[in-house]
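J.: This structure is in C-alpha cells; I'll ask about it shortly.
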Amino acid sequence: MTEIDRMLEANAEWAQRFPGSRPVQPARKVAVVACMDSRMPLFPLLGLEVGDAHVIRNAGGIITEDVLRSLTISQHLLGTRETVLVHHTDCGMQKTDDRALADTVEQATGHRPPWVGRTFTDLDADVRESMAILRSTPYLLSHEVRGTVYDVTTGELREVHPTS
Ligand SMILES: [Zn+2]
C-alpha cells in the first residue's frame, strides 16, 4: 500500500467524523504564514478549528510573491485582518545556503533552478524581515502582523518582537 492509499483510507474515516461545512471566510479573520515542516500541526498548536484561518505554507515560511498574492486575496476577498508568521527551530532552510542548494539541484538534474532558495541562518532575523515586508506591502488592507518561532522539541511558540 502506498502512502497515498493510506491517506485515502484515512479520509474515509475523516468523512465519518466530518464536522460539517463552514463559510469560506475564515471565522477568526486570521491568516497563518508558516514553514512546510512536518512537525508543525498548525491548527492544534495555535488552537484553531476547521474554518478558522487561512494557512499559507512554503519552505521556510518566507514571504514570496505568491505568499503576498495569497494574503492579498485572503484580506480583500475573504476578510482576514491579522497575520501570524510561524518559523521554527531546526529548520531545513538553515542547513544549507542558496548556492549549495542550487548546486545540489544542478548536480542531480543537470538544471540549475532559476529561483533563489532564500535559505537563512538567523531565525529571528528572518521573522523580523518577514514582518517588515508585510508591514510595508501597500496593497494589503491590514498590516497587523506578528511573528513567532515554534520549538519543535517542546511544542512551545515564542513571539519575536520587531525591534528587540
Ligand atoms: Zn522549516
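Glycine is no exception: its Cβ is also placed from the backbone N, Cα and C atoms.
The structure displayed is predicted, hence computed values, not measured ones.
This is the feature table in TrEMBL:
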BINDING   C35, D37, H88, C91  Zn(2+) binding site
J.: For the recorded Zn(2+) site formed by C35, D37, H88, C91, name the remaining residues of the chain with Cβ within 8 Å of the site's Cβ center, in chain order.
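T.: Near the Zn(2+) site, the remaining chain residues are A34, M36, R39, M40, G60, G61, V86, H87, T89, D90, G92, M93, Y150, V152.
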J.: Non-local Cβ contacts of C91 (Zn(2+) binding site) (under 8 Å, 6 or more apart, same chain)?
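T.: Sequence-distant Cβ neighbours: C35, D37, G60, L123.
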